[in-house]
Every structure is written in C-alpha cells, then in structure tokens.
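Undergrad: Structure below; questions to follow.
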Amino acid sequence: MQTSIIGYPRIGALRELKFQTEKYFRHEISEADLQETARQIRQDQWLKQKASGLDFIPSNDFSFYDGFLDTAVLFNIVPKRYQDLQVSDLDSYFAQARGYQGEAGDVKALAMKKWFNTNYHYMVAEIEDDTVVKLANSRVVDHYREAKALGVETQPSLIGPFTLLKKLRYLGQKTAQDFKADLSQAYSQLLQTLAAEGVSWVQLDEPDLVYDLSVEDIQLFQDLYQAILPKKGAVKVLLQTYFGDIRDIYQEVIALDFDGIGLDFLEGRKTLELVEKYGFPSDKLLFAGLVNGKNIWRNHYQETLDLVDRLEAQGIALVLNSSCSLLHVPYRLAPEEQLKADYKAHFAFAEEKLQELQELKHLAGSDRQAEPAYQANQALFAHRPDADDAKVQARVQGIEEALFNRQPAFAEREALQKAAFNLPLLPTTTIGSFPQTKEVKKNRSDFKKGLISREAYEDFNRQAIDDCLRRQEEIGLDVLVHGEFERNDMVEYFGERLQGYLFTQYAWVQSYGTRCVKPPIIWGDISRPQAMTVPWSTYAQSRTEHLVKGMLTGPVTILNWSFPREDISLKTSTYQIALAIRDEVLDLEAQGIRIIQIDEAALREKLPLRQTDWYSQYLDWAIPAFRLVHSGVQATTQIHTHMCYSEFTDIIPAIDQMDADVISFEASRSDLEILDSLKAQNFQTEVGPGVYDIHSPRVPSVDEIKTSIRKILDKVAIQKVWINPDCGLKTRGWEETSASLKHLVQATEEIRHENERTF
Ligand code: GLN
Ligand code: ZN
C-alpha cells in the first residue's frame, strides 16, 4: 500500500508567508523577496514530505492567496478590469484577491465565499463573455521542476474543470456550456505538457461532485472528461474528491478512463457502500481518504486498518490518503509547549499526519498486534485523561422534551413583551460590540501578560462601558449594549471560560489570504464553572435607565468555530455547550437583564452540502440546541439572536423554529433580498435586517437608511421591525460609528413620524 496527501498548509509553520505578504502589500519588500519566502516554504515542505516516506507528494498546492483563483488565472480567466491595470502578474493577482487602489487604477476585490463546509474562503473568480480560455502560464510545470531540482518527484495538483466551471461567476450571457470546449482543450494541453515533462501522475480536484447533482451536471462532467482524457498523453490522472461521497455520479466516474479515483471515506457517509455495491475497477488505484484533513485528532489505526483490509480483500489496489487537503489543520504539534504531553499525544496536525500515514503503511503490511506503534495507538483510544464529566453526561442524558420548548408560545410572549417594555415603534439597537480601540486591546493584552492588575483591568472596562452607554444615549438608541470590550473573539471568550476546552499557541489555520484563525479544541465534556458575562452586563444595566441587552454566543457557533470531538456526536457536544449557555441565560435573567441576545453567526456554516441531509444530519439537533439555551426564561424576558456571513433564504423555516423573539441579520449587502423570503414564508419572529453595511468605513446618509427601512416595511409588518446595523461594530472607529448611528436614529425617527398617522 502506498500513501498520499491531497495538499499541505502553505502559510508557513510560523505564518512566514502571511507576514511577508503583508510586508509586500505595504511595499516594504520586493516581489523577489516574497518569491524567495514562497520558494523556501515549498522547499521545506517537499523535503519534509519526502523524508516522511510519503509516496505521492503534491505540487502546485502552494498559493499566494487561494488555489481556486490560481486555477482561474492559469486558464486566463481574469476580468478585464484587472487586466486593464497593467500591473505585474503578481499584482494583478493580488488586485483580484483584495482590490487595488493606486496609480494604476481603482478596482474592488472579487467576492469571497466559504469553501464547502470549511472555514476556508475561496475567491469567486469571474469570467466574461469575451474571456479566451487557454493555458496562460507555466506555473504548474515550474513548480514541478522546482521540486524535481530538489530531488523530489511530485504530483501536480489543481482544481478540475467541472468544479472550476461550477464555481465561476459568469458576468455576461455565456454559461459553462459555452466555455467547456475551450476549457477541455486547455486542460488537455496542460496534461500533454506535463506528460512531456515526465510527470507520472496529475491530480485534478473535483469536490463539486459531492453535492446533489442534476442530470445536466452529470452530463457536463462527462463531456469535459470525455474530451480531456483521450488527449492526456502518457500522464496518469487522479480524479480527487473530498468533503463527502459522490453518490450521484459514482457509476459514471468509475466508467471513465481515470487512472486513480480519490474518495473520502470519512465525510463520505456512503462511500464504502458505493464501492461495495458497484465495485471498483481493478485497473485503477483507489486513493482512500482515511486520515482526516479537517480535524486534529489522532487517526484510529484499528478502524483505518480494518477498512483497508476490507477494501483490499475485494481486490482493490489502495493508496492511503488524507480525506481532504491538510490545509485545514495547523502545521505541527511540537511548539505547543503549553499543552500537557498526555493531551498532545491525542493530536495530529499536518506534520504528525505524515507520520501517521507512514506508520499505517507499515502496519498494513505487518502483524499489527505485535507492533508498538499499533499498541500505542490502541492505548490512546482506550483512555483520554480529564475528558469525562459524569455530571455533564447525566445532565445531557436527562434532557426532557419540555426543555426544548419555551412557554408560552411566541405570539403571547410578543404581546406581553410589548406591554412590558413599552418601546417605540421601530426600536433601534446595535448588534453588540463597539469599536475596539487600541486602548481597549492594550488593556486586555496587558492584563493577559500580567502587566496590570485585575482591578486596573476591570476599572478600565467599566469606564469603557460607561463611555459607551453615554454615547449610545446621546445618539438616541433605544436598546443599549455594554460594548463587549472584555472580548477578543466571540467564541474564544466563551471557550476560555468553559471547562473542557483547550487552547493552542501556534495552531493557526488559513481562513483566507493572509488571515488565519486559531480554533480552540473541545477536549472533554463541557461545563460552566461560573458566570461568564453576568458582572459586565449587570454593571452596564446599573448605569442606565435604558434596557441593556445581555450578549452571548450560541452553542452551534461555538461548536462550529472549534475543533470538535470525534468520540461523541456533534449533537451531544452542542447540547453540552447549550446547557452551559442556558445557565448563563438564567443567571442574566435572575440578575435583572431583560433582553438577552444569543448570537448564532455561524449557524449556517456547517449546513450539510446535500440538501437531503440538512435536517436529518444537522438542523434537527442544531435548532433544538438553540431552543435548549433559552427555553427556561420568563415570557417577558426577550431573546434576540443574530446571524451573518451567509445566505439564509433557504433555511428560513428553521430560523423561525429557533423560537427567538427577535433576530437581526446581515442583509444590506445582498440588497435586503431576504425580505421576500420572509414574507413568502410568513416569518413570525420579529426582525432587524441590517440597514447599513458595517464592513466599510463609509457613513451612510439618512436618506439611504430611510430607503432601506422603507424596503423593509414594504415586506414586513411595522410592529415586527427593529432597526440596527448589520453586524457588530468592533472593527470600526468611533467617529464613523457615531455618525452612522446618528443617521440611523434620525432616519428611524423620520419614518416613525410618517407612520404616526396610521397608528
Ligand atoms: N455580538 C457580536 C458583535 O457584535 C456579533 C458578532 C458577529 O455577528 N460576528 O461583535
Ligand atoms: Zn454579525
């Protein structure tokens, strides 16, 4: 058995590429300097992979920003507005990735979207009717040669034509059909070039095959590869899929002339069934995705090897593979000095996954029971220190149906709350955070480093809260917030206060471009040792006559932005978090907080890729988890939630089932499209569709905001509408924030006035 990986992280073990690229953006280093850093990163990784014994080593998996964009550029798919800049290839590429403002012109960046169900974002490359699709650069060959010069034979990898055509944005009249002939031609040409270069295998990634496919999709895929494969020359082609199974096209795929097929056995719930039901051709290699490219737990050798045995017993020639690119896990465990060795033994980051592949390869061919590596792995799964908390487990076990249902029903609560709060029509509020100034951040980091006392730290925050409340009162907002000055991040803040979480120091994962995140790890059963937000919220409430919202992050978002456990279900982990947040909700209520917002910014993020799985695999527990959090409050305690970063139009009924009293969401950039769906689906929850975009420093005018409000009122009954910006304000400065919110309040007052006659 041989081994392979689909791709490797590329931001640098110490985020070297990030820092150098940012320097390049600031004109502090030259392109040659940046290219040298990139070359060094590639060299280190190839040599490391070779030394680990890996049989199939990828090349062209490096990227300065995003691999999808690289593929578009490779095939000359660059919108005219970027070509017209007439800057260097690298700068034109960065202009697409992040916009360009300078001597050569002024263009915005391409849109960015989540890459499947990961927290990585790809650039939505755009194609115009007159784009000439052709092979436009020699990058794939160059990287192959670069590795070869180091003595490393690699397998060039790139996004395949089907996924490319499916994910491109079409600016004109033309569609995928119009480009498929030229694109097939360009891929054939690339394969021939690589064949002539002596390359033996090329990997074409087609993750789009794991979605629900239409008849047209299947036809498009076949058309593309029936054109490409006969003209590929002597090179072998691996069709690589990941993030799910390919149930809609498995039979067509195995019938095509691929030399290898990569299937995901971890997220592909039906992969094994497909292989066993329809067989796997004996003249092809099966690249079996069994080492998790998305999570950081050690591979379970027994389970992997049992599956290897089972597949090999069917006469299948196997290559043991990662389940997806290792891009989605951090580099290496070694520098994590603050993690106890007992804990560390349970993790495998990219570098450790290379060792795992090597060990598995060895074990597959030996009497594994006698092997120390196998025994050590068995021992890991027999016991994990400090993970179990019997009390938490019993509490989850004991959740009764009634705990998912808040009483009385929404309509009755709505009337009671209106009477109790006596808020004006179109109440105004914000999403929670206010500008995180340098001083606010310094206060937190000084405290964390032990440079200032707890007292000094808290004093500063109390003053910041006072200042923030005064400003909100002056602006004239109705429902106030404390400002979230104590929080670095909406998930990390809670993770740090919950029992059962672990934190790393260097375990960065690329989120997009030069941005990385460091997701915390859910190690064990989750509980809340003590209140997490109550003192800040009650302090704020004690300082104003207005209502102050308590601010929490919801259980699904906390889960989705962490590395989850694999030994218990996501549902169980989420319910554990939900119970902890529930206790916080009840504490806030007991301390006099009458409105509590529970953010579920990332609810949509892990929605399964196949629509048929949406409810059974996800929403059927994600929505109840949210209900569990708030079902215990009084009728007159108002529960808000907030969502952003995604489209919600298709899950509106599920959002209503969260049974919150009010939901605010990001809508201003999508031109409030969501309103039609709310209306069509008779959405009950009160809504605050964001009336201006906070992701830009622009101050919206009163008239603009009035236009947004009118649009909302066209579709939603005025009694149900709240007025707020579309997301938290922490990335903004005070000046534009105050100005924008003043306009928001003024616009609201004017619209209220217009509506007075009707009320
Ligand atoms: N309450 C959070 C804030 O205002 C919500 C952030 C978010 O939606 N991403 O920052
Ligand atoms: Zn938001």
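The backbone N, Cα and C atoms fix where each Cβ goes, and this holds for glycine too.
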Undergrad: Would you identify which residue of D306, D309, D599 TrEMBL lists as part of the L-methionine site it also attributes to I431, G432, S433, E484?
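TA: Looking through D306, D309, D599, the residue TrEMBL assigns to the L-methionine site is D599.
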Undergrad: Hey, TrEMBL has 5-methyltetrahydropteroyltri-L-glutamate bound by R15, E16, L17, K18, K114, N119, R515, C516, E605. Any idea which of W46, W201, W561, W722 it lists too?
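TA: It is W561, as the record lists it for that site.
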Undergrad: Spatially speaking, which of the binding-site residues S433, E484, C644 is closest to W561 (5-methyltetrahydropteroyltri-L-glutamate binding site)? Use C-alpha to C-alpha, please.
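TA: So, of the listed binding-site residues, the one sitting closest to W561 (5-methyltetrahydropteroyltri-L-glutamate binding site) is C644.
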Undergrad: Please check the binding-site residues R15, L17, S433, E484, R515, D599 against ligand 2 and give me the ones with CB under 6 A, sequence order.
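TA: If the test is a Cβ under 6 Å from any atom of ligand 2, the answer is none.
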Undergrad: Return only the integer: C-alpha distance in Å from C644 (Zn(2+) binding site) to D599 (L-homocysteine binding site).
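TA: It is 9 Å, counting Cα to Cα.
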Undergrad: Less than 6 Å between Cβ and the nearest atom of ligand 1 is the rule; apply it to the binding-site residues L17, D599, C644, E666.
TA: D599, C644
Undergrad: State the three-class DSSP label for L17 (5-methyltetrahydropteroyltri-L-glutamate binding site), counting H, G and I as helix, E and B as strand, and everything else as coil.
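TA: SS state of L17 (5-methyltetrahydropteroyltri-L-glutamate binding site) = helix.
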Undergrad: So for R515 (5-methyltetrahydropteroyltri-L-glutamate binding site), how many other CB atoms are inside 10 Å of its CB?
TA: 11
Undergrad: Fewest other Cβ atoms within 10 Å: which of the binding-site residues L17, I431, C727 wins that one? Let me know.
TA: L17
